[in-house]
Amino acid sequence: MTHLVLLLCCCVGSVCAFFSDLVKFENVTAHAGARVNLTCSVPSNESVSRIELGRGYTPGDGQLPLAVATSNNGTHITNGGYNYSLTLEWVNDSNTSVSLIIPNVTLAHAGYYTCNVTLRNCSVASGVHCNYSAGEEDDQYHANRTLTQRMHLTVIPATTIAPTTLVSHTTSTSHRPHRRPVSKRPTHKPVTLGPFPIDPWRPKTTWVHWALLLITCAVVAPVLLIIIISCLGWLAGWGRRRKGWIPL
């Protein structure tokens with residue numbers, strides 16, 4: 001018995017889910033100024049006689065519909081008293097999907113929208129969408145059924161940027177504040193001191209520098225070598241006279 005109840009609950013839940021998912025009318029979020037398509041659709045194997053789009057959380061809501069699409073008369077805009085432009089277009093050839101187009105969305109468009117879809121020629125094959133019972137043999141098999149779905153349009157306001165204030169200075173010298181003299185950076189003109197051209201910003205190595213470097217190495221290197229050898233010899237005891245040692 002428990003298994004039967006669970007199975008029945010699963011079947012009822014699946015049927016309810018099928019009811020709620022039959023009409024697709026999904027939420028949309030867009031920035032102000034963007035082009036927005038509010039698409040309401042049902043499966044293409046359904047037969048649609050009328051699709052009505054309106055403002056509000058529930059159908060009607062005391063407001064006129066925005067747009068109506070019918071399978072035989074095409075589409076037309078009623079605008080429902082709103083002062084903004086709309087376009088309604090069939091999306092597919094089977095006339096089971098329409099898009100309400102808002103070319104320049106503003107904060108006035110934000111809110112809930114409803115989509116009422118009227119199905120026609122309901123049959124046993126799609127009987128789960130129709131009001132009928134298996135024991136009835138009447139026109140209720142073919143009765144029209146209206147399904148409703150709602151969505152919410154969220155409009156993100158445009159970011160406002162504060163205007164830049166430009167301050168223009170007059171050329172009059174009577175009110176010009178006194179400015180302290182600013183020391184200027186030395187120019188990049190090289191200074192010549194004798195045979196050595198000196199540029200403090202871009203020093204360049206000349207032949208004079210190389211010649212002085214070679215002379216310095218030639219003079220200083222032997223002197224340093226002699227000093228180093230002498231120090232090593234002194235540390236090693238060279239030249240010291242040892243006891244018992246008589247030089248020849």
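First residue shown is number 1, and so on along the chain.
Cβ coordinates come from backbone N, Cα and C, glycine included.
What you see is a predicted model, and the numbers here were worked out from it, not measured in a lab.
If you look up Swiss-Prot, you'll see 175-188 marked as compositional bias 'Basic residues'.
A simple way to gauge crowding: the CB of CYS115 (disulfide bond) has 24 other CB atoms within 10 angstroms, across all the protein chains here. The disulfide bond annotation in Swiss-Prot covers CYS40-CYS115 and rests on sequence analysis.
The feature domain 'Ig-like' is assigned by Swiss-Prot to 19-125. Counting residues per DSSP class in helix, strand and coil order gives 10 helix, 46 strand, 51 coil for the domain 'Ig-like' (19-125).
The N-linked glycosylation site annotation in Swiss-Prot covers ASN27 (among others), and the record cites sequence analysis as its basis.
Feature annotation from Swiss-Prot assigns N-linked glycosylation site to ASN37 (among others); the stated evidence is sequence analysis.
Annotation source Swiss-Prot lists N-linked glycosylation site at ASN45 (among others), citing sequence analysis. Around the Cβ of ASN45 (N-linked glycosylation site), the number of neighbouring Cβ atoms within 10 Å comes to 9.
Cβ environment of ASN73 (N-linked glycosylation site): no same-chain residue six or more positions apart lies under 8 Å away. Per Swiss-Prot, the feature N-linked glycosylation site maps to ASN73 (among others); the stated evidence is sequence analysis.
Sequence annotations record features per position, and here Swiss-Prot assigns N-linked glycosylation site to ASN83 (among others) based on sequence analysis. Over all protein chains present, the Cβ of ASN83 (N-linked glycosylation site) has 6 other Cβ atoms lying within 10 Å.
The Cβ of ASN92 (N-linked glycosylation site) has 10 other Cβ atoms within 10 Å, all protein chains considered. For ASN92 (among others), the entry in Swiss-Prot reads N-linked glycosylation site, with the evidence type sequence analysis.
Around the Cβ of ASN95 (N-linked glycosylation site), the same chain contributes VAL48, ALA69, SER71, each under 8 angstroms and 6 or more positions distant in sequence. Sequence annotations record features per position, and here Swiss-Prot assigns N-linked glycosylation site to ASN95 (among others).
Around ASN104 (N-linked glycosylation site), a 10 Å sphere centred on its CB holds 12 further CB atoms from the protein chains shown. Under the heading N-linked glycosylation site, Swiss-Prot lists ASN104 (among others).
Non-local neighbourhood of ASN116 (N-linked glycosylation site): ARG50, ILE51, GLU52, LEU53, GLY54, PRO59, THR146, LEU147, THR148, each in the same chain, at least six residues away, with C-beta under 8 Å from its C-beta. According to Swiss-Prot, the feature N-linked glycosylation site maps to ASN116 (among others).
Positions annotated as N-linked glycosylation site by Swiss-Prot: ASN121 (among others).
Per Swiss-Prot, the feature N-linked glycosylation site maps to ASN131 (among others); the stated evidence is sequence analysis.
The N-linked glycosylation site annotation in Swiss-Prot covers ASN144 (among others).
As annotated by Swiss-Prot, region 'Disordered' applies to 167-191.
Local packing around the Cβ, expressed as the count of other Cβ atoms within 10 angstroms, is greatest for CYS40 among the recorded positions ASN27, ASN37, CYS40. When the glycosylation sites ASN83, ASN92, ASN104 are compared by Cα distance to ASN27 (N-linked glycosylation site), the shortest distance belongs to ASN104. Separating the Cα atoms of CYS115 (disulfide bond) and ASN92 (N-linked glycosylation site) is a whole-number distance of 17 Å.
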